[in-house]
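Here the structure is laid out as structure tokens; the discussion comes afterwards.
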Amino acid sequence: MPSTILGFLAEQAVALGLVAEPGFFMELSAVIIAAVILGIIFRKLKQPTILAFIVTGVLLGSTFFDVISFTDMVLVFSDLGIAFLLFLVGINLDPKVLKDIGRTSIITGLGQIAFTFTIGFVVGTMVFGFSFIESTYIALALTFSSTIIVVKLLTDKHDLNSLYAKISIGFLLVQDFVAILALIFISTMRTQAVLSQQIFVFIFKLALLAIVVWIVSKYLIKRIFDSLARSQDLLFLGGISWCFALASLSMILIQSKEIGAFIAGVSIASLPYSYEVFAKLRYLRDFFIVLFFVYLGLSLPFTSSAVLVPALVFSFIVLVGNPLIIFILMTFLGYKGRTSFLTASGFAQISEFSLIVILLGEEVGQLSGELTSMVTLVAVITISISTYFILYNNRIYEKLFKHIPILNKPRFWEDELSSAKSKPYPLILLGFGETGQKLFRSLKTAKEDVLLVDYDPRVIKRCMKDNFHCIYGDVADLETIKYIMRKKPHIIVSTVMDPETNERLVREFNKKKKTDRHLIILASTVGEARELYEKKADIVLVPSQIAAEKIGIVISDLKEHKHLELDFLKRKYSDEFTI
């Protein structure tokens, strides 16, 4: 008997010959159409589309409309999504990034994992009476934050080049390493052999797989991809085939396609074509990942209070506990309250890796479907709420935390991060990232007349080493803006392309505006520039527009003075592009 009236009516319509028997293609069509419609609605509501896909599974499953009967096929497709996800994570996993980010990401990453795991395990065993192995899985699932959610929202906010975003990405990288280790451990449990013996066999087979991949990567893979790169179609198929080949080999050796897909990605991460492969496969990954989240929605029940109460408690641990421990650790490491808060606010959700871990636990028979549903519900709750934390983190900090003295007191090393003199500076440059550095090199002003301001301690230390006049400061902080104004600059240039920060800068500048003082702001888009002008900004420049106009002039000049212009361009830019 169908579980819904709609399902019953559909069966009767088929029996009477009014409609054809729905096949997998029709069900897949219904899934995609529903996912698109709900995705549009959720996007309008500023919710992550991942949540829309889970809700799609809930609505089309047996709880409501009972549309999906080919759940096994949906699971197969979702497995492909997991393989592509781990393959692309491997491509992006560059251990060198850890060196650039420094100890902050490692300490906060490992500290948060240890804290969340301990709290989750204790609550699971002591409060809800879950078994040791069940509590271990639950605690592990709570430790990981969503790379997809964090990076996507930071990109939407144009914050990827900020200090807190760099720390966040390094933090996620640490979590990726731990997540892969967790997947390896879970993969040892896929058979009924004695654990110690199986771990030994697993390590041996994993070493064999690693040796095979190392040999192929060292002597063959570059030549193969050099040949494939001559055709974009072959490069696309080559990336897929390499992912599937290692995933299949890994499945044969260690019963884990996930590990094989991840190793496949890492093995080509250093190739010059890795970004091209990533760019071509990410949309294919996204398609199959949609079905992965739909499948999670299909398995989400609403009938048991035994699922709801633990889900709410564990969600509270993730929403409050994770940001709190990250904030404490970063404050202890010497970062200002704002940087610590903005970083911490991004990690109040569980990850797609968490869901993979739980599904693998169910697959090896150590978890029930009810526990999988509970963790899925935690994902829905935390992803939904944490979206607001990330999107409005600046406003939350300004309204709730900015005026708490302990969060804003000077750190022990801030006074050491300054080479500014007690004199006026004609020009002050805010932000010393890639744009700021190029602008500084192009200035005709003497370097002792320029004051550099940045809130990345590593950048300030490099500037001091080069004998530049600089100071550690956060432009979003009102005290930093007041300090800048006291230096009596004629020109202030902001390369910090953050709309909220620049709006605050414009407001403070206009309060003390003088006829001989100018504020030049760089904006990411024409729309942002228009909004800043509406706020009475002095001068707003859009680098992409300037670049387009400059390229147009160069092309026009090439038509008239081809050889002269080519020689000029070679002389001017050859040093910059010499490898």
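Each Cβ is built from the backbone N, Cα and C atoms, and glycine gets one as well.
Any TrEMBL annotation is an automated prediction that lacks curation.
Taken from TrEMBL as is:
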{"type": "TRANSMEM", "residues": "25-42", "note": "transmembrane segment"}
{"type": "DOMAIN", "residues": "33-385", "note": "domain 'Cation/H+ exchanger transmembrane'"}
{"type": "TRANSMEM", "residues": "49-68", "note": "transmembrane segment"}
{"type": "TRANSMEM", "residues": "74-93", "note": "transmembrane segment"}
{"type": "TRANSMEM", "residues": "105-130", "note": "transmembrane segment"}
{"type": "TRANSMEM", "residues": "167-187", "note": "transmembrane segment"}
{"type": "TRANSMEM", "residues": "199-221", "note": "transmembrane segment"}
{"type": "TRANSMEM", "residues": "233-253", "note": "transmembrane segment"}
{"type": "TRANSMEM", "residues": "259-275", "note": "transmembrane segment"}
{"type": "TRANSMEM", "residues": "287-307", "note": "transmembrane segment"}
{"type": "TRANSMEM", "residues": "313-334", "note": "transmembrane segment"}
{"type": "TRANSMEM", "residues": "341-361", "note": "transmembrane segment"}
{"type": "TRANSMEM", "residues": "373-392", "note": "transmembrane segment"}
{"type": "DOMAIN", "residues": "428-543", "note": "domain 'RCK N-terminal'"}
Averaged pLDDT, computed only over the residues in the domain 'RCK N-terminal' (428-543): 81
Seg_contact(the transmembrane segment (167-187), the transmembrane segment (373-392)) with at least 3 CB pairs under 8 angstroms, min sep 6: no
Same-chain residues near the transmembrane segment (74-93), Cβ under 8 Å, at least 6 residues beyond its ends: 31, 68, 147, 173, 176, 243-244, 247, 257-258, 261-269, 274, 277-278, 281-282, 284-285, 287-295, 298, 352, 356
Dominant neighbour of the transmembrane segment (25-42) in 49-68, 259-275, 341-361, 373-392, by Cβ pairs under 8 Å: 49-68
Helix, strand and coil counts within the domain 'RCK N-terminal' (428-543) (DSSP): 53 helix, 23 strand, 40 coil
Dominant neighbour of the transmembrane segment (259-275) in 49-68, 105-130, 233-253, 373-392, by Cβ pairs under 8 Å: 233-253
Cβ pairs under 8 Å between the transmembrane segment (105-130) and the transmembrane segment (373-392), at least three: no
Cβ pairs under 8 Å between the transmembrane segment (49-68) and the transmembrane segment (313-334), at least three: no
